[in-house]
Each structure stands twice: as structure tokens, then as C-alpha cells.
């Protein structure tokens, strides 16, 4: 059975890739250049795909940045720091991004005659990202089933899980988290201050494991959250 995984190069989608491959699917991946300020995540996505020996398609839709302004796409907008629950984090929402990604990924899945399409929405994204919520996932499932003669089933198996739960799954699967990138900034090291860094650091702290990537700031990995 064939499956396509939408792969950003971050923790969640990388864990999902390992998970899907471990289930025995003939696995393909798709990533997107959507005009984001940096594409460092995709560099790591490529490395992971090479490691796992899975095909990796990168689709350039850079024009999307002009249609969907966000702190992740506009050089004049600063990336906010703090927690996802902070109101300022709404600046990082790229309008309708996942609907666009999933629509294109569905076309790719159909071309491959794949039966499944996976993406890594999870519970930690719900407060700020509308297109990661369970209601959105269910609506997209129905739409994808109606869009073509070939049946492609959308799966978001982590939609009710917290990031630390996904991390536990990944560690059991042997995910190499040094080959993942979460930071909204594209520096040599992760900033440790933006929303995704904050959430990532908390996940590792909660399960008592040190993150293998480097940060610009010193992190107390023994601190409990």
C-alpha cells in the first residue's frame, strides 16, 4: 500500500514519516517552498529522506507568500517570541496554508495511486492554527474523498496528541531528531525563543531528554515545565 507524507522537516512530520514507514507503507514525501523566510527545514527534510531512502518531492509555490502574508513569509514582519497561546503568535499563521498543501499533496498521491495521505497536525497547534484543528482535518477528509475518482484517505494520527507524546513515539521509532529543524528563524542554531522552539524545548524537558540540536541560548534541560 502506498502513502504520501507531507514533510516539513520539523519534529512532528519527521516522526510521522518514520511512523508511516514503520507500518510497512511504500512511502513518498512531499515538501513545499511557499515563500518562507528560510528553507532550513527542507534541508533537514532532504537529509531524513536520504537516510530513510524514501522519495522526496519539493514543490515550489513561492508565489503563495504574496497571497498569504505572515511573519513567516514577510521580511518586514518580526517573528514573535513566546508561547503559542500568546496573542502575538497569530502573526505566524500563514492563511489557508494547510488546505493548499493538502490539495497539492492529494494530486501527488493520486498520480502515484497512493491510498493514504498523512500530515502531522497535533494538539499543540490547535490554539493558534485553525488548519491544524480536528474540525479542519475532518472537513478535508471529506473533501479529498470527493475530489477524484480515486480514493485517497487523509490521516492525521497525531491530531489529539501533545508534542511530548509525539516525541515519545519518535524516540521508540529511533527518530534522529538532530536531523529536524523547528525554529522559525533560519540561523546557524535554533533561537530558543520563538513559538516552535519554546514548544520543542518544553516537550524534551517534559520527558527528561536533552534535545540533540544546538540553541543560541543556554537551556536548562533539567527544568520541569
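Cβ atoms are placed via backbone N, Cα and C, with glycine included.
What Swiss-Prot says about this protein:
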BINDING   7, 8, 9, 10, 11, 12, 13, 14, 15, 16, 17  ATP binding site
BINDING   183, 191, 194, 197  Zn(2+) binding site
Cα separation, residue 183 (Zn(2+) binding site) to residue 7 (ATP binding site) (Å, whole number): 15
Other C-beta atoms that fall within 10 angstroms of the C-beta of residue 13 (ATP binding site): 25
Nearest recorded site to residue 191 (Zn(2+) binding site) by CA-CA distance, among binding-site residues 9, 13, 15: 9
Near-site residues: ATP, ref 7, 8, 9, 10, 11, 12, 13, 14, 15, 16, 17, CB cutoff 8 A to centroid: 45, 120, 180
Secondary structure at residue 191 (Zn(2+) binding site), reduced by DSSP to three states: coil
Of the binding-site residues listed as 183, 194, 197, the one whose CA lies nearest the CA of residue 9 (ATP binding site): 183
Local Cβ density at residue 197 (Zn(2+) binding site) - other Cβ atoms counted within 10 Å: 23
Per-residue Cβ crowding (10 Å cut-off), top of binding-site residues 7, 11, 17, 183, 191: 7
Residue pair residue 183 (Zn(2+) binding site), residue 15 (ATP binding site) - Cα distance, angstrom, rounded: 16
Of 9, 15, 194 (the binding-site residues), the residue whose Cβ has the fewest other Cβ atoms within 10 Å: 194
